[in-house]
Amino acid sequence: MATTVKLNTGAQMPIMGLGTWKSPPRQGNESEVGEGVNTSIKDGVVKREDLFIVSKLWCTFHEKSMVRKSCEKTLSDLKLDYLDLYLIHWPMGLKAGEDLFPLDSAGETINDDTNFLETWEAMEELVDAGLVKAIGVSNFNKEQIQAILNKPGLKSSQQPGGVPPGSPERPWAKPEDPSLLEDPNIKAIAAKHNKTPAQVLIRFHIQRNVIAIPKSITPSRIQENFQVLDFVLTEEEMKTIVGFNRNWRVFPLQESLKHKDYPFHA
């Protein structure tokens, strides 16, 4: 199978992302990622053009005047001249300031009045400036994505989101709730292919042409996660895994339920 997905810009994005899970400002690890990437390039381990590096615009930087500054800070931390893909992390704008997740006394997010369509226009300017190769959105619902597609100008190259079958990593999971990694059906599929349950679930995604970014900091597990290109799930096995869908979300972001652009009502 193909190991890349072609974006609407013509760029080829790897079907899997391994190593560092995320590097937007919200995760607070862009400087460390930049050190690792810069060292690897300097040492000749990898060329910049062989890497596909993605980051995200956080919610407190949705003001048009702040978008470029946020991107330039990311590039500075990552020690890069450009990003391959830059995403709007969420459609909801939050109050600008040092607090990346501003909450009121009721524990709800302090929102701003920005419009994600205007934020998108500022994202388009980043492409024109050569700071990013492509732009996209994250955690937008279909109506919000369509609103961007209906605008003149650049179209979104990607819409990432958490799509584990049944969302086994949901933070509100109870101890008695089922785990896909321990499910007898998943374990049986794994045994048949001489793979781990995690490898089966990763393969499920990339076989649907969905880019998978499994999270791990363990070198042996990172290598194991990549060993999913040498087997194919049958149609029946794919249907079995699809059947685990429970319409759960890993990050429902309930603190923003009242935000005008909260995406999960639709």
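Cβ atoms are placed via backbone N, Cα and C, with glycine included.
Annotated in TrEMBL:
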BINDING   H89  substrate binding site
DOMAIN    29-155  domain 'NADP-dependent oxidoreductase'
DOMAIN    182-244  domain 'NADP-dependent oxidoreductase'
REGION    151-178  region 'Disordered'
SITE      K56  site 'Lowers pKa of active site Tyr'
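Counting other CB atoms no more than 10 Å from each candidate's CB, the recorded positions K56, H89 peak at K56.
Per-residue pLDDT, averaged along the domain 'NADP-dependent oxidoreductase' (29-155), amounts to 95 for this model. Straight-line distance linking the Cα atoms of K56 (site 'Lowers pKa of active site Tyr') and H89 (substrate binding site), rounded to a whole number, equals 5 Å. In three-state terms derived from DSSP, K56 (site 'Lowers pKa of active site Tyr') belongs to an extended strand segment. Secondary structure from DSSP puts H89 (substrate binding site) in coil.
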